[in-house]
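Here is what TrEMBL records for this protein:
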REGION    A:1-33  region 'Disordered'
COMPBIAS  A:1-10  compositional bias 'Polar residues'
BINDING   A:Asn64, A:Asp164, A:Thr185, A:Lys186, A:Gly194, A:Lys195, A:Phe196, A:Gly197, A:Leu198, A:Gly199, A:Ala200, A:Lys201, A:Lys520  ATP binding site
DOMAIN    A:402-561  domain 'DNA topoisomerase VI subunit B transducer'
Protein chains: 2
Amino acid sequence: METGGSSESSVEPKKGKSKTRRKPKESVLKQKSPAEFFAENKNIAGFDNPGKCLYTTVRELVENALDSAESISELPVVEITIEEIERSEFNSMIGLVDRERVDEALYDDYESAKAREKRLAKEARNQEIQAKNALLGKKTKEPTPVKGIKGRGEASFYRVTCKDNGKGMPHDDIPNMFGRVLSGTKYGLKQTRGKFGLGAKMALIWSKMSTGLPIEISSSMKAQNYISFCRLDIDIHRNIPHIHLHEKQENKERWHGAKIQVVIEGNWTTYRAKILHYMRQMAVITPYAQLLFKFISDASDKNMTIKFARRTDSMPPVPLETKHHPSSVDLLLIKRLIAETSKQNLLQFLQHEFVNIGKSYAERLIGEMGPDFSPKMAVKSLTDQQIVRIHQLFRQAKFDDPSGKCLSPAGEYNLRLGIIKELHPDLVSTYSGSAQVFEGHPFIVEAGVSIGGKDVKLGINIFRFANRIPLLFEQGADVVTRTAIKRINWSSYKISQWQDKIGVFVSVVSTKIPFKGTGKEYIGDDISEIASAVKSAIQQCCTQLKTKIVKKIQAREQQERKRRLSWWTTKWH
Amino acid sequence: METGGSSESSVEPKKGKSKTRRKPKESVLKQKSPAEFFAENKNIAGFDNPGKCLYTTVRELVENALDSAESISELPVVEITIEEIERSEFNSMIGLVDRERVDEALYDDYESAKAREKRLAKEARNQEIQAKNALLGKKTKEPTPVKGIKGRGEASFYRVTCKDNGKGMPHDDIPNMFGRVLSGTKYGLKQTRGKFGLGAKMALIWSKMSTGLPIEISSSMKAQNYISFCRLDIDIHRNIPHIHLHEKQENKERWHGAKIQVVIEGNWTTYRAKILHYMRQMAVITPYAQLLFKFISDASDKNMTIKFARRTDSMPPVPLETKHHPSSVDLLLIKRLIAETSKQNLLQFLQHEFVNIGKSYAERLIGEMGPDFSPKMAVKSLTDQQIVRIHQLFRQAKFDDPSGKCLSPAGEYNLRLGIIKELHPDLVSTYSGSAQVFEGHPFIVEAGVSIGGKDVKLGINIFRFANRIPLLFEQGADVVTRTAIKRINWSSYKISQWQDKIGVFVSVVSTKIPFKGTGKEYIGDDISEIASAVKSAIQQCCTQLKTKIVKKIQAREQQERKRRLSWWTTKWH
């Protein structure tokens, strides 16, 4: 038995020894560009490994495409194509002569003559056993695969192309929109699909890391008589676009939209299922879009084309940019708003740069700030102390909740349609909550619950959406999963978690989705306003379903009674 | 029953309507600075909410302090103090006059006269019931707290100070080290405690957002006759330091080290336990450091001072910067190495910029690259295609595994000492694995298993360390948790998951910790090399423990037998 003994204190310090053995290099202060930071921490944006890189590239391109079409109120038509590129094809693309191996023993997958002999013998034995068993009509377990040639070295390359009918981009902005990290147009306060505003830039950085090939962009804006074409990559160290070609081409058909093409390393085998799930869930939440997904390879049996047809012309309204709610701003943001405002005095500033501060309320607030403040004082002359005073008052004062008018929920009608179109359930109910608020941010929760359907597993199947994009990872900790599994008493609605195929669909939209963790893949369970809104929305759906289920049971029982009655009548009359 | 009907297709599109109702603003291309990005996505660096901000500030400062002392092979002495600051004190600090409320009805916590009456009545009733029960000697449940005044508006402020005996910083570098995001010295390839190299900069950004107060730094390097003092904040928009004061002060005592002080909003109540866990776990893995933790507030009953004493002078060696392994590099990195190398030709480049490529192997590799390559060719003249060729060969060729010499594991001795000193277990065993490799990165796994002890719960208690820092969040998905819970057959080692207090300690060090997700709070379960090393390390500990447990049982049985024998002897003789 050992306890926290003090005998160890007599041990010789190893310090001296390590000092002479190791001399650390002098450290030098270096500056990194944002592009370099994201290249080194690409998992922040969902680029963890080649498979996930392929998945995230697809979703970033699809989401940009949908945003773009919706921003001009155009019903989205999005085509996404993944083409598998063989190594030799890839090499010829970049002008590299495909070389045969010469010095075989250099390679990681090199098998010595002896190892090869052994492997072949084992394979032959396995075949014999199988043949024997087949003769005897015995079913055998699949023989354990023989460890043959490892595939570590063989990268898979893909050309990903996404074409939309959206807004397009101004000719001169294109290089910066793709080739400069932290440059973008989505930085206002509104409901947005994007997570970090990195999007296609990360795909470009990944192509740079894995294939070295540039991105190609074609784009045209409405009524523009030319198509902008741009081929570029990114100078990671300086975080600036490196343009190969940027020209205007003819636009005879008056096409508008964008087409983005990027060649990256990926892994279709491991992320095939995730990509298809993503497309299907996107089709559920976006039934007004026409989505075409294609996979093309040399092995034609792997090829696929999936069309998610448009089923409605009814599109959610465009999310609107809104002003900040006074309860939601921090010191830094107040300072930025002061720096950027066009208003002259404090009264105008409070009234026009925030929601839910009317003129008379602004005057009361200014009165409460103290004698140093007056409605007419120049807002740009506020001292740091005065700004802290405003911030403190903002946090303590009462303001009306922000309205949800700037939000763009999927709509109960669309959600229902999406569920029906993709799952073909036996029963479905939907519910759309009214706008609510947490920490000054408006949000809306919509939900659907379905029973039965195509490709639905027994038990609870969760479909999560945040600002109308599907969330596929880190499901366990999400507020929707936890609520559905722990806080809904399914049996009280005549629904069985063990015998029914239950689909639970919850969509949250907000100017600020309170993602937990940093992958932005799930919504935390710790914001009570959202947790209770989710619970109540699911319960509303369940209550609707219960009525239908009870009716169904009664109908069945009645039929049963009739059948028995008619049997009795036949028998005795 | 509703099925996927086609009747819905006749629905009127709402498109036209939404178009006229909403006119989205023209979007403008904006450029964001890295500092702005992290201010808006501060959860990436663990600054999710005020409570977690306090926690992360503490850990960043402590880890920087340890790194700094270790870098000069000095036994670390680190003092961390959290002082709670009352609002009125905070206001007087920033020169803001504390004002009484005038317009009471403005405030969020305003209680109307009627509401107040009701609340007081309820409180009185509760007190009565309690008094009655007390008289009757009945134990009553704590009465449900009466919903009184909400505390939303009341922020809590803290002054966090961390002092070390480390290396200090060069006078002129200080402003950039704190006031410029993505600037730092830890960017070489080596085992490092830092996660993103953001560290204290995020604390400064958070102070800027929550209190507006600058950071204060005192620092002196060894044998420097002055102390650098710097008070600064950060210009978020330009990502440059904004210096208030930067001067040299007397250094009579020839002190060396750094002292950082920052005033931030926080939440001690909710993160107290996490902060103390963190300190305790840090003491386990760093028994050669002396850590002093203090909490100071006006409510003296909340105050605490905890000293984690040094128990050994034996310090792990300093982690060394190493070269990249050819299996671990991507295209971008090869290009960067080419741009930065001082070597002239390809042969020298391969030989000197990577580990495990000797001269003759470099020659064979160059031969295999093809006729366009030669050992003497200028490395800076390589074309993009040629670099792709090198990259492909690097991925396919075989290289010796990197050695773990550059790593700095805690050491079995230190781990054992840390466990004993902090937990006082009944039994403990430790194991230190040899260096292994995944994807070209060397790693070492060390483990400890303890039975019994102070403040240890029944069942399995997991302590995880990555590059010698404790990991406290997202435990469920971590490779250590999964291995300990699912893959160790505890009972086969005579250990009971239900009756024993089991401590499982696993420390992984590597030049690249394969964190999963983006919070860098857990190591994924998907890297088989690490998973199997973790399992085997825990098993080794268990095997050692089993021997001890069996001996203990035998000893007990023997004693029992003796007792019975003596009883029998006494009785009959």
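A Cβ is built for glycine as well, from the same backbone N, Cα and C atoms used for every other residue.
Shown here: features listed in TrEMBL, placed on the structure.
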residue  : record           : DSSP (3 states)
A:Asn64  : ATP binding site : helix
A:Gly194 : ATP binding site : coil
A:Ala200 : ATP binding site : helix
A:Lys520 : ATP binding site : coil
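In the predicted model, the domain 'DNA topoisomerase VI subunit B transducer' (A:402-561) has a mean pLDDT of 93. Of all the binding-site residues listed (A:Leu198, A:Ala200), A:Leu198 sits in the most crowded Cβ setting, with the most other Cβ atoms within 10 Å.
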